[in-house]
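Heads up, the thing below is written out as structure tokens.
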């Protein structure tokens with residue numbers, strides 16, 4: 001039992017580490033690929049289509065070689081999920097284009113409370129006050145170090161609302177679909193990735209043209225661009241798998257808290273690798289966010305221990321052994337009653 005707990009803890013840490021490393025890596029690769037000082041590849045939605053195409057290819061190879069089992073999930077569920085996921089990607093890109101960076105960061109910070117409310121509405125899930133307190137500290141910390149100018153307009157606000165709601169619903173759906181169909185994270189991703197890849201590769205270039213005014217067919221691909229696209233796609237496989245893995249093992253709220261830890265890591269690496277400015281305000285915000293994450297980890301552990309203590313007390317079902325003993329006892333009682341009736 002103790003070894004199982006240790007093994008589970010190692011797997012949890014591995015899932016978190018894979019997500020953080022791959023996410024930060026993909027941001028750094030995309031920064032070199034898409035920035036004006038790099039290769040100026042300004043086709044973010046199409047690039048996401050490439051990501052899911054490579055992920056789908058890896059899933060197909062894995063399924064064909066028998067490395068992963070395939071379980072049935074209704075097509076309408078996969079289509080519905082893919083539509084929500086693509087709305088999330090499109091909404092985020094439009095929100096970033098139409099809003100100031102400050103309002104974009106605020107919309108991302110709002111995802112934690114939105115996820116909490118949606119889980120309460122959809123799954124009647126409640127959170128301990130320690131967890132709520134930790135979430136507030138994390139949001140304040142990340143807000144301090146990322147939010148600068150805040151300008152809002154009607155179109156941008158609408159896109160931000162669509163992005164936040166669809167992203168929150170997508171992340172909640174990942175966990176609920178895995179539980180509903182008893183399907184692993186990689187198996188679920190293998191089923192949704194081809195649908196997302198197909199739709200993003202068809203509509204992505206159109207959206208990118210609307211966002212940047214440039215056609216991907218006019219872009220000149222060099223060996224450096226191809227290398228960074230392949231690197232970005234490879235990291236995306238690990239990023240996508242670890243996202244499904246983390247949400248399946250933990251919750252959408254925990255995944256959002258992890259996302260803000262990645263924000264801190266990106267700011268730090270940007271300062272180390274790209275000479276990005278790091279002010280006292282940034283440092284204070286990051287420290288507050290890290291404290292909030294430590295509190296959150298503690299609060300989740302306290303909640304788990306409290307639930308494990310309550311579970312045995314609220315036990316209502318009998319084990320097979322208890323049923324067998326009960327039957328034997330009833331049988332003995334019946335025999336004694338018959339013998340008493342005869343002797344009477």
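Even glycines carry a Cβ here, placed using N, Cα and C.
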Which listed span TrEMBL calls transmembrane segment, if the choices are 73-96, 97-120: 73-96
Correct range for transmembrane segment (source TrEMBL, candidates 196-218, 219-241): 219-241
Where TrEMBL places transmembrane segment among the ranges 20-40, 41-61: 41-61
Annotated transmembrane segment segment (source TrEMBL; candidates 280-299, 300-319): 280-299
Per TrEMBL record, range annotated transmembrane segment [choices 165-186, 253-274]: 253-274
Outside the transmembrane segment (219-241), six or more residues from its ends: residues with CB under 8 Å to it: 18-19, 21-23, 25-26, 29-30, 32-33, 38-39, 41, 43, 47, 50-55, 58, 185-186, 189, 193
